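Novice: Handing you a structure now.
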Amino acid sequence: MMKGYITLSFLIILIFNFLDEFAASTRHLCDPDQSDAILEFKNEFETLEESCFDSNIPLKTESWTNNSDCCYWDGIKCDAKFGDVIELDLSFSCLRGQLNSNSSLFRLPQLRFLTTLDLSNNDFIGQIPSSLETLSNLTTLDLSRNHFSGRIPSSIGNLSHLIFVDFSHNNFSGQIPSSLGYLSHLTSFNLSYNNFSGRVPSSIGNLSYLTTLRLSRNSFFGELPSSLGSLFHLTDLILDTNHFVGKIPSSLGNLSHLTSIDLHKNNFVGEIPFSLGNLSCLTSFILSDNNIVGEIPSSFGNLNQLDILNVKSNKLSGSFPIALLNLRKLSTLSLFNNRLTGTLPSNMSSLSNLKLFDATENHFTGPLPSSLFNIPSLKTITLENNQLNGSLGFGNISSYSNLTVLRLGNNNFRGPIHRSISKLVNLKELDLSNYNTQGLVDFTIFSHLKSIEYLNLSHLNTTTTIDMYEILSSFKLLDTLDLSGSHVSTTNKSSLSNSSLVLISQLYLSGCGITEFPKFLRSQELMLTLDISNNKIKGQVPGWLWMLPVLNYVNLSNNTFIGFERSTKLGLTSIQEPPAMRQLFCSNNNFTGNIPSFICELPYLSTLDFSNNKFNGSIPTCMGNIQSPYLQALNLRHNRLSGLLPENIFESLISLDVGHNQLVGKLPRSLSHISSLGLLNVESNKISDTFPLWLSSLQELQVLVLRSNAFYGPIEKTQFSKLRIIDISGNQFNGTLPANFFVNWTAMFSLDENEDQSNGETMSNMYMSTDYFYFDSMVLMNKGVEMELERVLKVFTVIDFSGNKFEGEIPKSIGLLKELHVLNLSNNALSGHIASSMGNLMALESLDVSQNKLSGEIPQELGKLTYLAYMNFSHNQLVGLLPGGTQFQTQKCSSFEDNHGLYGPSLEKICDIHGKTPQQSDMAPEPEEDEEEVISWIAAVIGFILGTALGLTFGCILFSYKPDWFKNPFVRDKRRNIGTITH
């Protein structure tokens, strides 16, 4: 009886529950007030159907009508029991407009039950109104991929139920509000791809349930808060591409659930914390492009789930970490651009799932482990620019290899190339450049590589002549070929027609002993890049070259060309597209006559180098008439050009060099309109003008060279805030230099104080978009010795006012220029005392104030300038004790001669070495001493240049591939720790 009663009661409860659910599902769910509020919200914005992501997909709002239940509208979800709208999803709805504080979304209480608001992937603008806090039940807020701007309102801290927040891919700025710490239920927080700045608030450590933190691609700075170590549920920590500094917190090693860490492109220093080896769930660790030192911790051998390890472009040292061989799941290992040494382990095949191994630009030695070629999954091996040596062996390559990229260039391999390389039939990229083959090479071994697209066999040190027709007929997919430095035959010795040759896009034949212009090029309709520099090609450049439809980089430098076919007109018809030429290098040839006017028919030209030829006549007037939006570098130096500089020159120029010609007249005032101009060099001409003070309006001007002309008159206080090199020597400037003359030359004050180097946005980045560099050069004059600097370096700062008629005292403001390296004020009429403020020039390496009327003592402060390698105080009226610094004691006696009042132990030591005193000014210096001085000066300057950290140039670049002769243009300064720019 009791059992039956219980069963009946249970059935009654089930029936009532069913009826309740049935009633809920059949009644009208959407409250009309909520429906009206949603429609009002939609009408606040413009719908742009033409800019929709997919015009074939109907818009969500098309189903929103007055006579239908809003709970069935697309993007709307209602509470099943009470009918309240709880989710509003308008993602991908092609909406444009501003989210106002009085929007119905916040103003009307009918929408207060919303838990999800998704406005992602639209075109919303403006700021987030603080009235957002009225949606107090929100758990999900997604505003990603719009154009929102401004700051995150601090009122967001009142949305205490938030679990998911995504503001990525907008234009937000400002700091993260500390009120974020009140969102105690938050699990995912994404601010990536915005303009946020400031420090990450320590209150972020209060988000104890956070699993995902993404702050990448912003401008956050400062150290990471140690409170990050309290986020014990964190799985993804993505902080790349910011300006974070300091050490990586060791407390991150406590976050045992972490699967992904990405800290690349910041300014972290110190060592990788050993504690990170405790992260047993970690699958991806990316730390590239920082300033990390030390070794990869041996504890990383415990990360048995690790799939990606990328520590490229740091300062890591030590040997290859053997512990990494325990990582059986590792697929990507990038050690590129560090300071790792020693040999690579022989048992690399332990990394059985490895797909990419990149150890380029380190200091590895020893043989290449053949075990690498026994890893079936391996697709990419890049080991360029190391010191690997021995013969190149490929081990027991299986009949089927997955290897697609093998780059071993610029090592010390020697011996024959093993035929087993022909088994790598899936290779798409092969670089064996600078391989010392020590004899003949059988190039047929490469003919089996039918998939090859990129082939670099430059500088193989072989006596074999490479037949271009055989090479181009063997590879049907070849796109880039570099045979530079090898002997190449471009003559068709077979029955092959040009139509049977593969059409490639990039060809490098520099220094190949070629004597005639390659005729097969005429049919290369897909050619983008052509380098036939450093050969022995004579005659004229064929006119058909400019008709190749997509050719945009040509290097003809260092040949013996004498002219151009069709030098006046290209002969384009009205329906032909103009040539695509962007960079043209023709320096160091024997071109004569006028500059060809067809240059003006190349509307996309960005770099033109005609330097070191025999062009004469005037610069074509058409170069002044064409308003090219592309031309950035124009180099006409060392020719025989005459006449005036064109009044209207290209307004997009970054670098203009017309030095060593016979130009006359004045500098065209239109130069002041070239707002992008960074380098102006008119040295060694016959220009007669006053100092171009009007160039102060050029905010990007960094190099100004007026030396050896006929400039005249006084110079007033200038405003060159970015000037790094100024050479006005050998002119007729006169007058006094005001005491505050240098106060606005802030670029020479201090790199640390005036430039934010943390983001890497320095001189090179302003002018470079890819990897082709154009180098500016200049000439320094000192004591009659000219030295040509082939590259203008960002950290190289020079002031040369020598050989003029300046009077008065050296401006005391010279002491502000703490980053000045070369100062030459010689051969003027300067008087008074040498300013003691010159003791502040801590970077100074060369000082010449000879041949003036300076009096008083040499400031003792100069003895503390530890980098001062060359100095000359001769032929003045100096007196007193010579400073006793080491740098003074290494100078020549002649550096102080004709200063009868100088004395002291340092002077006696210097002059006793050479058997004379500085008072013997009437005696001619011995030739040996002159030679030693010249050699000392050259060594000082060249030593500085070669030792300077990462030279940065004015550049014009067009392609993604980098020629060998541009790959490593600069070396590090071992004496001075100046930061470098990333690869």
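Here the Cβ of each residue, glycine as well, is placed from N, Cα and C on the backbone.
Quick paste from Swiss-Prot:
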type	residues	note
CARBOHYD	ASN66	N-linked glycosylation site
REPEAT	136-159	repeat 'LRR 3'
CARBOHYD	ASN137	N-linked glycosylation site
CARBOHYD	ASN190	N-linked glycosylation site
CARBOHYD	ASN254	N-linked glycosylation site
CARBOHYD	ASN389	N-linked glycosylation site
CARBOHYD	ASN402	N-linked glycosylation site
CARBOHYD	ASN492	N-linked glycosylation site
CARBOHYD	ASN498	N-linked glycosylation site
REPEAT	550-571	repeat 'LRR 20'
CARBOHYD	ASN555	N-linked glycosylation site
CARBOHYD	ASN590	N-linked glycosylation site
CARBOHYD	ASN616	N-linked glycosylation site
CARBOHYD	ASN824	N-linked glycosylation site
REPEAT	867-890	repeat 'LRR 31'
Novice: Do any residues at least six apart in sequence from ASN190 (N-linked glycosylation site), in the same chain, have a Cβ closer than 8 Å to its Cβ, and if so which, in order?
Specialist: SER144, VAL165, ASP166, PHE167, SER168, THR212, ARG214
Novice: Would you mind reading off the Cα separation of ASN590 (N-linked glycosylation site) from ASN824 (N-linked glycosylation site), to the nearest angstrom?
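Specialist: The Cα atom of ASN590 (N-linked glycosylation site) is 35 Å away from the Cα atom of ASN824 (N-linked glycosylation site).
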Novice: Where ASN66 (N-linked glycosylation site) and ASN616 (N-linked glycosylation site) are concerned, what is their Cα separation in Å, rounded?
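Specialist: Here the two Cα atoms are 81 Å apart.
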Novice: Could you measure between ASN492 (N-linked glycosylation site) and ASN498 (N-linked glycosylation site) for me? Cα positions, answer in whole angstrom.
Specialist: 9
Novice: May I ask which residues of the same chain, at least 6 positions away in sequence, place their Cβ under 8 angstroms from the Cβ of ASN389 (N-linked glycosylation site)?
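Specialist: Same-chain residues close to ASN389 (N-linked glycosylation site) (Cβ under 8 Å, separated by 6 or more) are THR365, GLY366, PRO367, ASN411, ASN412, PHE413, ARG414.
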Novice: With DSSP as the reference, give the number of residues of the repeat 'LRR 31' (867-890) in helix, strand and coil.
Specialist: 4 helix, 8 strand, 12 coil
Novice: Please work out which residue of ASN590, ASN824 has the most C-beta neighbours within 10 angstroms of its C-beta, and give that one of the glycosylation sites.
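Specialist: Within the set of glycosylation sites, the most crowded position is ASN824.
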Novice: Counting distance between Cα atoms, which of the glycosylation sites ASN137, ASN254, ASN402, ASN498, ASN824 is nearest ASN616 (N-linked glycosylation site)?
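Specialist: Nearest candidate: ASN824.
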Novice: Judged by the number of other CB atoms within 10 angstroms, which among ASN66, ASN137, ASN555 is the least packed of the glycosylation sites?
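Specialist: Result for the glycosylation sites ASN66, ASN137, ASN555: minimum number of other Cβ atoms within 10 Å at ASN66.
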Novice: Rounded to the nearest Å, what's the C-alpha distance separating ASN824 (N-linked glycosylation site) and ASN555 (N-linked glycosylation site)? Just drop the number here, would you?
Specialist: 36
Novice: Does anything in the same chain, at least 6 positions from ASN402 (N-linked glycosylation site), have a Cβ under 8 Å from its Cβ, and if so what?
Specialist: PRO376, SER377, LEU378, LYS379, ASN426
Novice: What is the number of residues in the repeat 'LRR 3' (136-159) that are helix, strand and coil, as DSSP sees it?
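Specialist: Result for the repeat 'LRR 3' (136-159), in helix, strand, coil order: 5 helix, 7 strand, 12 coil.
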Novice: Specify the secondary structure state of ASN498 (N-linked glycosylation site) as given by DSSP, simplified to three classes.
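Specialist: Helix, per DSSP.
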Novice: Under a three-state reading of DSSP, tell me whether ASN254 (N-linked glycosylation site) is helix, strand or coil.
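Specialist: In three-state terms, ASN254 (N-linked glycosylation site) counts as helix.
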Novice: Using a Cβ-Cβ cut-off under 8 angstroms and a sequence gap of six or more, which residues of the chain neighbour ASN254 (N-linked glycosylation site)?
Specialist: GLY229, PHE232, SER275, ASN278
